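Per Swiss-Prot, these features apply:
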- Arg55, Thr56, Arg105, His138, Gln141, Gly266, Pro267: carbamoyl phosphate binding site (BINDING)
- Lys83, Arg171, Arg225: L-aspartate binding site (BINDING)
Amino acid sequence: MRHLLSAADLTRDEATAILDDADRFLQALAGREVKKLPTLRGRTIITMFYENSTRTRVSFEVAGKWMSADVINVSASGSSVAKGESLRDTALTLRAIGADALIVRHPASGVAAQLAQWTAEGEGGPAVVNAGDGTHEHPTQALLDALTIRQRLGSLEGRRVVIVGDILHSRVARSNALLLNTFGAEVVLVAPPTLLPVGVGTWPVTVTHDLDAELPGADAVLMLRVQAERMTGGFFPSAREYSVLYGMSEARQRLLPEHAVVLHPGPMLRGMEIASAVADSSQSGVLQQVSNGVHIRMAVLFHLLVGSSDSPEAVPA
């Protein structure tokens, strides 16, 4: 695996190996007073975040540091981009400095793939990880969601996963639809017609607008935030009406099977797409997702920079 740009880049075997190694990292670090492994000692990881982020940015930094890598953060405001330098020149500069991996988040779709192309000119070049590109994809989020479902339910094959909310602006929805399909899960999208993207009919999903009808048969429900910062018009009449039709209330939670897990990629708008009582309930996997984010990103960096778990620097058993 050279880069991770899309959930579609992963075969089922590759994705399973990443989930398995994430679990192994979790076990290797459990109970350690000092969370440190030598796996990536001497490697340099540079994070390039051109959009605000808490969970993804911090978990990538923690993942690298827990594996003894040198992790450097480059932001738009603190780099020469603020002086007018192009993203291409920034990327080539970081390659010349000796970066082993570039973790990029950017408001424009396709930037991660472009970065991989620019830095691959000639021989070598850093591994590139897409940490979210516009409304396109967020593959490591899909991996950690899949890991959380697998930990809760034991398997992904044949599971019914319902993704609810602002599908139109969600890179998480697209990556989850692709990855869960790879794992053999059934994916159902629930959203108002105004929040569904053009071309959603080509995705490996079922689309509906009736949330209540889908909950009794759901094994997992992924609630999405309404991304008001990406909206230029009125996509629904009001926040209250949206919450009534598409929010995960306590009443809706009671429609779920007892084994079902409720997920949210964050940040959550409590009281809009999810009630606080649901987010904090025993069926919620929200904090488990956050924890899994570190271990998944450790596993991704391991596979990109070291190789398979059969290599000499394998994940600790």
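One-based numbering along the chain as shown.
Every residue gets a Cβ built from N, Cα and C, even glycine.
Distribution of Swiss-Prot features across the structure.
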{"residue": "Arg55", "record": "carbamoyl phosphate binding site", "Cβ neighbours (10 Å)": "16"}
{"residue": "Thr56", "record": "carbamoyl phosphate binding site", "Cβ neighbours (10 Å)": "23"}
{"residue": "Arg105", "record": "carbamoyl phosphate binding site", "Cβ neighbours (10 Å)": "24"}
{"residue": "His138", "record": "carbamoyl phosphate binding site", "Cβ neighbours (10 Å)": "26"}
{"residue": "Gln141", "record": "carbamoyl phosphate binding site", "Cβ neighbours (10 Å)": "26"}
{"residue": "Arg171", "record": "L-aspartate binding site", "Cβ neighbours (10 Å)": "23"}
{"residue": "Arg225", "record": "L-aspartate binding site", "Cβ neighbours (10 Å)": "19"}
{"residue": "Gly266", "record": "carbamoyl phosphate binding site", "Cβ neighbours (10 Å)": "17"}
{"residue": "Pro267", "record": "carbamoyl phosphate binding site", "Cβ neighbours (10 Å)": "11"}
Integer Å value for the Cα distance linking Gln141 (carbamoyl phosphate binding site) with Arg171 (L-aspartate binding site) is 9
Three-class DSSP assignment, Arg105 (carbamoyl phosphate binding site), comes back as strand
Taking the centre of the Cβ atoms of Arg55, Thr56, Arg105, His138, Gln141, Gly266, Pro267 as the carbamoyl phosphate site, the remaining residues of that chain with Cβ inside 8 Å are Ser53, Thr54, Ala131, Gly132, Val172, Pro265, Gly293
Spacing of the two Cα atoms, Pro267 (carbamoyl phosphate binding site) and Arg225 (L-aspartate binding site), in whole angstrom, works out to 7
Cα-Cα, Arg55 (carbamoyl phosphate binding site) versus Arg225 (L-aspartate binding site), nearest Å, comes out at 15
Looking only at the binding-site residues Thr56, Arg105, His138, Gly266, Arg171 (L-aspartate binding site) has its closest CA neighbour at His138
In whole Å, the longest Cα-Cα distance within the recorded carbamoyl phosphate binders Arg55, Thr56, Arg105, His138, Gln141, Gly266, Pro267 is 16
If you measure between the CA atoms of His138 (carbamoyl phosphate binding site) and Arg225 (L-aspartate binding site) and round to the nearest Å, you get 15
Rounded Cα distance, in Å, between Thr56 (carbamoyl phosphate binding site) and Arg225 (L-aspartate binding site) is 16
In the three-state DSSP scheme, Arg55 (carbamoyl phosphate binding site) belongs to helix
